[in-house]
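Read the structure below first, then the notes.
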Amino acid sequence: MGFITKAIPLALAAASVINGAEILETRAGVQTLADKYIVVMNDGMTDKDFDSHRSWVNRTHRRRLVRRGAKAMTGMKHTYRFPTGMKGYSGHFDEQMINEIAKRADVKYIERDARVQINAIEMQDNVPSWGLARVGSKEPGGTTYYYDSSAGQGVTAYVIDTGTDIKHEEFSGRATWGGNFVDDIDMDCNGHGTHVSGTVAGTKFGVAKKANVVGVKVLDCDGSGSNSGVIMGMEFATNDAKKKGAGKAVANMSLGGAFSQASNDAAAAIAQGGVFLAVAAGNDNVDAAMASPASEPSICTVAASTEQDGKASFSNYGQVVDVYAPGDGITSAKPGGGSQVLSGTSMASPHVAGLAAYLIGTGKSGGPQLCDTIKNMAIDVITNPGAGTTGKLINNGSGK
């Protein structure tokens with residue numbers, strides 16, 4: 001079998017290429033999932049051609065099971081159809097089947113599925129929060145959150161995370177369950193997603209206090225999931241937002257992993273679908289260009305600041321960071337009622353998603369271009385933001 005070499009994304013190691021379909025390898029040390037892959041189709045593929053390809057995969061996989069006893073591979077699992085055109089699927093295939101798929105001229109690339117996780121790093125109960133006051137003030141140290149009374153009303157926020165406690169008093173009936181793409185437990189059994197949702201749109205803790213929340217579960221009780229499952233959640237949010245009017249929708253992803261072209265492409269598809277997407281930069285104190293989906297340039301990537309307007313010690317940085325937002329010692333909702341304090345870029349990102357919902361509620365245009373509006377409104381106050389990193393901290397423009 002002949003192999004040729006082609007250029008591949010910088011963050012990925014050299015890999016096999018067959019008839020134009022790249023089989024991408026993740027970096028050393030990344031926790032890949034054995035025999036699980038994400039297959040992304042060529043740009044512009046029609047639904048008819050995609051259905052034909054999927055039928056071929058299923059037929060070929062079944063024949064392999066019968067004729068060759070291809071282990072206990074389960075074949076195709078998830079199918080992705082973003083409204084802006086990205087199509088693909090994930091599944092459990094042996095090496096020979098993946099090589100057969102890679103021979104197809106209609107395949108753009110194949111990527112090994114890998115683990116992703118939440119980006120929160122510590123927890124402390126029942127201490128005061130400061131993030132809201134900082135978003136509504138030009139100076140640090142405030143205790144009052146100033147905001148327009150529209151407060152994101154009529155805007156839907158998709159929180160792609162561990163799920164959301166939709167019955168929590170913070171949401172006053174404004175939260176609904178969207179879907180579960182990781183397990184069979186339709187609740188937030190971790191707490192991370194509820195905390196994030198509270199920062200986006202909680203009555204007490206939220207930036208956009210009247211926005212609606214849709215909980216999309218892609219991470220399990222341990223705060224862990226896979227790129228393939230996360231992409232399913234992203235696809236759901238994009239398609240659901242299209243039904244409801246994408247211009248009045250925002251999404252938040254306080255999660256991430258090592259660089260993944262498929263994850264980045266899915267994030268770009270959300271933006272292309274007209275949905276504003278905020279993503280946590282990551283908590284490894286490294287360049288966020290190494291992480292996904294934080295490294296996707298068409299979304300809004302958020303680093304974490306401290307109460308003293310410094311870079312949080314854990315926060316990733318770099319040119320892909322669009323803005324800073326409060327992320328150290330943030331109080332928000334926890335499942336079952338009450339509150340808890342978490343730190344991380346996971347806590348910074350929902351401040352930006354909430355601000356996006358808030359600004360749409362005041363009449364500003366939504367979609368990915370809203371990130372530019374947020375950057376233009378931000379104040380340049382972050383000390384030591386990191387090499388090549390913006391020093392801008394978000395502000396809601398209240399004038400206080």
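Note: Cβ is positioned from N, Cα and C throughout, glycine not excepted.
Swiss-Prot gives the label N-linked glycosylation site to one of Asn58, Asn396, namely Asn396.
Each residue contributes its Cα atom, and for Asp161 (active site, charge relay system) and Asn252 (N-linked glycosylation site) these two points are 8 Å apart. Fewest other C-beta atoms within 10 Å: among the recorded positions Asn252, Ser346, Asn396, that description fits Asn396. If you take the Cα of Ser346 (active site, charge relay system) and the Cα of Asn252 (N-linked glycosylation site), they are about 9 angstrom apart, rounded to a whole number. Distance between Cα atoms for His192 (active site, charge relay system) and Asn252 (N-linked glycosylation site): 12 Å, as a whole number.
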